[in-house]
Amino acid sequence: MAQSSATKVAWKLQDMVAHSSNVSSLVLGKSSSRLLATGGEDCRVNIWAVNKPNCIMSLTGHNTPVECVQFSSSEEQVVAGSQSGSLRVWDLEAAKILRTLTGHKANICSLDFHPFGEYLASGSMDTNIKLWDVRRKGCVFRYKGHTQAVRFLAFSPDGKWLASASDDSTIKLWDLTAGKMITEFTSHTSSVSIVQFHPNEYLLASGSADRYSVYFTLWDLEKFEMIGSSVGETGVVRCVLFSPDGSCLYSGSEDTLRVYGWEPDRCFDAVHVAWGKVADLAICNNQMIGVSYSQMNVSLHVVDLSRVKKSGSVIQGLIQDDKPLAVPTPKGTTLRRNYERTNTSCNRQKRSPSSEEERDEKESSAEITNPDDYREIFQPRNAISRTPPKTNEPFPAPLEDGECKLKAPTASSTPVLRVEPTVVVAVPRPPNSVVTASLAPPSGHVVPTSKLKPNSAVIPSTRNEPVGLNAGDFLPVSTSVASDEEALVQIRKGHDTMCVMLTSRHKNLDMVRIVWARNNIKATLDSAVSMNDLSIVVDVLNIINLKPSLWKLDTCSSILPQIEELLQSKYESYVQTGCTSLRLILKRFWPLISDTLTAPPSVGVDITREERHQKCKACYKQLKNLSNVVKLRAEQVGRHGSTFKELQLLMAPLDY
């Protein structure tokens, strides 16, 4: 029985006809692993949701076949390069063309977005690499040195370096700030098809093939030397991808996925996957998504990584090797340096389009072919299917013994019901006390600033029973005292909707808890905001407010609009939380915002400084809007008048 109910390690998820002519390129969104972009010889870029049958939108504007596509790290933008050498960037949330960039003299072969902002790099058959500022619609720098086509580009996780792989058999590492080459790796003997940075450590992986063998190579980016290589793959290494924690490397070749370790070099596992010539890989929920294309068709396959060996006994080729491995490095330590990341991702600033951009809009279009999926995935206030990453449900595996019959594709994430979750009440508590939760009534209608009611009733946070609800009304009239179980049964009768709401609330909070466990405060707040539910936001803010050091500048721009809604809420606990958060933000970050915006412009290319400036500018604009709300609330809310007047004093410099 156990054998008959076993599920497959790898299976086909989906087949689809992606274009009206041959598919020429594709890419998976790495943040969610649930978005796919395909480029075709029909000069179109099509956007898909993984495991859904219909194209979400079709992007037009190129006049020659699309040779290369790439998502931004947030998956809000996509860029496509064509045979003519032009690049077009689309805003997926606004469903329109954002920029047209020209300057290359031949086919675009490779693209990558900078991890911290709206910069991107392009490589071409003209052997040049260009760094573009998408906002200013211009080339920031050109890197010259390769003698043949640049086949792959990758930014380092800290955004300071750019790695390029070329048909000239070399890999070059460029310093973005200095604008020059740091080093060159020349051990490959044929075209290098792919490079990938380790997510944490100073390591670089590359894939190549020569006349006699196919292999990938690992490079130490401190000593600039090769530390490992695997020779003898049965097919061209088409994709390499580090595991999210960086403990192993996945190598995708024709019909095979291999798992490698290094120092010493070893192959942990080899899995047969009938994906053909795989073109891209992504990981979500301990599942590997592999996508390939042939003519007009695109195929997606899934590998259950929980059933793939990533440590322990070693496979050399297909032969089991039981020799003991080296003693593993203690948890939390590494053999080499880690990237020093600076949180400088910024929000895009809306500008009025120029006449040239208006012409681009007329020539380029984003045809939304599936409005329901578009609203679910790309609307900013309902981005739960993409943000935070890795909260999508895994794809169910078919049984080993049964045929893998494709059922009608279902949504890649469970719909989230709009309900009011548990609220952490922001009241004084003794040190080391446990944060408790109490059920708040619905707050579905938040009054916008422009429609703020002068005499809206404020529901106190110190209440000890639900407003307008008598629990005794749900119990039968009886002289005997009901037990706890009987009372619960009676209360639940006829209230299935409430049970569904509470279940959904628990699920939402559990999703936030999972992201919190990763020690990523911004991702936690983004997760709460994306649920479009103020109570979840209040829960998270109340915890962060207890430890002000958790506040970072990069979290302010995403949470300030939510604070604006909290300040206008009719619930006292919401207002308290919003005031506390705003006070902490002003005290910690107003000096930095003010100094950054008044500082003279820098000389040269300083991406980190530019991103910090854009983020401070966005925060300043949002704080200006909040100052108007504070003034109104100071006049209307008698009980919190002193609190809002204090905020008015803190926000006074915004008026100058």
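Numbering starts at 1 and runs along the chain as it is shown here.
Even glycines carry a Cβ here, placed using N, Cα and C.
Here the structure is a predicted model, which means the values were calculated and not measured.
These features come from TrEMBL:
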- 16-58: repeat 'WD' (REPEAT)
- 59-100: repeat 'WD' (REPEAT)
- 101-142: repeat 'WD' (REPEAT)
- 143-184: repeat 'WD' (REPEAT)
- 185-211: repeat 'WD' (REPEAT)
- 323-399: region 'Disordered' (REGION)
- 331-347: compositional bias 'Polar residues' (COMPBIAS)
- 353-365: compositional bias 'Basic and acidic residues' (COMPBIAS)
- 493-651: domain 'Katanin p80 subunit C-terminal' (DOMAIN)
DSSP-assigned states of the repeat 'WD' (59-100) in counts, ordered helix, strand, coil: 0 helix, 24 strand, 18 coil
Helix-strand-coil residue split for the repeat 'WD' (185-211), DSSP-based: 0 helix, 15 strand, 12 coil
Helix, strand and coil totals (DSSP H, G, I; E, B; other) for the repeat 'WD' (101-142): 0 helix, 23 strand, 19 coil
Distant-in-sequence neighbours of the repeat 'WD' (16-58), which means Cβ under 8 A and at least six residues beyond its ends: 64-71, 73-75, 78, 80, 82, 90, 92, 95, 279-284, 287, 289, 291, 293-298, 300, 366-370, 373-374, 377-378, 385-387, 389-390, 392, 395, 408-413
Residue counts (helix, strand, coil, in that order) that DSSP gives for the repeat 'WD' (143-184): 0 helix, 23 strand, 19 coil
Per-state residue totals over the repeat 'WD' (16-58) - DSSP helix, strand, coil: 0 helix, 21 strand, 22 coil
Integer mean pLDDT for the repeat 'WD' (185-211): 84
